[in-house]
Amino acid sequence: MSRDQLHVLSALDAAKTQWYHFTAIVVAGMGFFTDAYDLFCISLVTKLLGRIYYHVDGAPKPGTLPPNISAAVNSVALCGTLLGQLFFGWLGDKLGRKRVYGMTLMLMVICSIASGLSFGKDPKSVITTLCFFRFWLGFGIGGDYPLSATIMSEYANKKTRGAFIAAVFAMQGFGILAGGLVATVVSFAFKTVFKASPYSIDPLGSTVPQADYVWRIILMVGALPAALTYYWRSKMPETARYTALVAKDAKQVAEDMSKVLQVEIVVEQEKLERLSQDKKRSFGLFSKEFVMRHGLHLLGTATTWFLVDVAYYSQNLFQKDIFSAIGWISPAQSMNALEEVYRIARAQLLIALCGTIPGYWFTVFFIDYIGRFVIQLMGFAFMTIFMFALAIPYDHWIKKENNIGFVVMYAFTFFFANFGPNSTTFVVPAEIFPARLRSTCHGISAAVGKAGAIVGALGFLYAAQSQDRTKTDAGYPPGIGVKYSLIMLGVINFVGALFTLLVPESKGRSLEEISGETCGDDEKEAVETQRVQTDSSSRTLPLPAVETKDLQT
């Protein structure tokens, strides 16, 4: 431990896993459960919205959302999320993590309910209000990314910090699973009670009036888990690292952490004042010092998050199109509206169970053993391999007898996305930046990632269209097809593996050691000397500090 390290922070780093760790995981994780449910459930109901509001009499296929409407519905929440990550990330460093945490949750609850109401009956009114509330829903969801990651990293001990942060993010898997489960149950119940013929037999009657309730119920259920955790979020104390290193209130941090750790914490106001007077530890985000110390780190966390989200969101939001292309979901005209929702939801449920959830929890179990860098590089590499394995022999996979093999391979891409960069890109930005900039930098990285999600969602929407104009969805120009879209995603994953080389390893070290917040001038010289001696053999960029126990006299 550095001689400048505060006792309360050392106590947190060395603390054994206790009940408050699990409480923090559940409270923060339920936010991510809600985030994933709300972001991904829209892909389950877009075809239903097209049937209800954009039916064309005499058309050979059911109604679909026009390209511009589909793009808006699928991406508006992602746009809100991007802005929310930047705003609440910055606010979390200015006002404190706890004060902002409740705001995001209430915004999510209100907008989840409102997005299912969608005032009016004509298509324009419904879609406009749906997009309005989903934008603000996304804005609230965006705030949850930097705040939950930062809070968990600052509460955790250094031995199992990666697992704790990854466990919070892993709740996304259960949120995606819950979305598929709710949609499956609701659509099954409605299709059982309200019988309807396939579109090919009765185009108008294939969509029963009660189907309008189905998509509303699916969207509104997302408010429940967020509402249930609001009370517990309000009771969480501010993190010790924010109170000490940003707010600089030694008395408050000792009082808060004495209750959390159930040990007596000494008030260290004098040491805290000495640390705060060091101008080298107060540089801002746009300073030369930040660029020198953390510029490449921020570039690495942002670009890798961008690249993985291009691939991940294009897969997740449009997996229904892939399942249709390989024949796993019957042609739309052979089903009624509720049957189509049921089959799409069932497919997502299977992918979540087989690929998504296991990948998240493999990360939780192994991240503190093999490290963030290895998991991320391995994940990108296997995603590249599986994408090419799906794309190059694509004509083989679309044959009916090979459909199950395609789904298995497709599930593996999700497994290695989650046992890989989709998890690690969330963990690392919460560890490697100084406390006063941690939430902001995580928000920047996440926002760049969401830009990738928007590119993936909208790009795949057009790119995956058939090259044959007669086989495209209504209103869409010909694209490059699913095969070449998968090849593009394979290339993107390969580039992500290259940018991973910019991301430092943070396994098993104190947050203050990593960011250099408690490293004295003499220690810095020793660090620089050691860096020069070892840099040639280093497999990744060095961090601004090394294990300070090796530098003590």
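Using N, Cα and C of the backbone, Cβ positions are placed for all residues, glycine too.
Note that the coordinates shown come from a computational prediction; the quantities given were computed from them, not determined experimentally.
Per TrEMBL, transmembrane segment is recorded for 20-49 (among others).
Among the features that TrEMBL reports, domain 'Major facilitator superfamily (MFS) profile' is placed at 24-508.
According to TrEMBL, the feature transmembrane segment maps to 69-88 (among others).
What TrEMBL records for 100-119 (among others) is transmembrane segment.
For the transmembrane segment (163-190), the residues of the chain that approach it from at least six positions outside its boundaries are 21, 24-25, 28-38, 40-41, 44-45, 148-149, 152-153, 155-156, 208, 210-211, 213-214, 217-218, 221, 316, 338-339, 341-342, 344-346, 348-349, 352-353, 356-357, 359-361, 363-365, 367-368, 418, 423, 426-427, 430-431, judged by C-beta separation under 8 angstroms. Marked as transmembrane segment by TrEMBL: 163-190 (among others).
Residues annotated as transmembrane segment in TrEMBL: 213-232 (among others). Proximity of distant same-chain residues to the transmembrane segment (213-232), defined by a Cβ-Cβ separation under 8 Å and at least 6 residues beyond the stretch ends, is recorded for 23, 26-27, 30-31, 33-34, 37-38, 41-42, 44-45, 48-49, 52, 102, 105-106, 108-110, 112-113, 115-118, 179, 182-183, 186-187, 190, 338, 341.
TrEMBL lists 349-367 (among others) with the feature transmembrane segment.
Marked as transmembrane segment by TrEMBL: 373-392 (among others). Beyond its flanks by at least six residues, the transmembrane segment (373-392) meets 304, 308, 311, 363, 366-367, 406, 409-410, 412-413, 416-417, 419-425, 428, 483-484, 486-487, 489-491, 493-494, 496-497, 500, 503-505, 539-540 of its own chain at Cβ-Cβ distances under 8 Å.
Note on the transmembrane segment (404-423): residues 166, 169-170, 173, 304-305, 307-309, 311-312, 315-316, 319, 322-323, 326, 328, 350-351, 354-360, 362-363, 366-367, 375-376, 378-380, 382-383, 386-387, 389-390, 397-398, 496, 500 of its chain, located 6 or more positions outside it, place their CB under 8 angstroms from a CB of the stretch. What TrEMBL records for 404-423 (among others) is transmembrane segment.
The transmembrane segment annotation in TrEMBL covers 443-463 (among others).
Annotation source TrEMBL lists transmembrane segment at 484-503 (among others). Taking Cβ pairs closer than 8 Å, the transmembrane segment (484-503) reaches residues 296-297, 299-301, 303-304, 307-308, 310-311, 314-315, 372-373, 376-377, 380-381, 383-384, 387-388, 390-392, 394, 421, 424, 428, 460, 463-464, 540-541 in its own chain, all 6 or more past its ends.
Annotation comment: TrEMBL describes 513-553 as region 'Disordered'.
The compositional bias 'Polar residues' annotation in TrEMBL covers 530-540.
Contact between the transmembrane segment (20-49) and the transmembrane segment (100-119) is supported by 3 or more Cβ pairs under 8 Å, counting only residues 6 or more apart in sequence.
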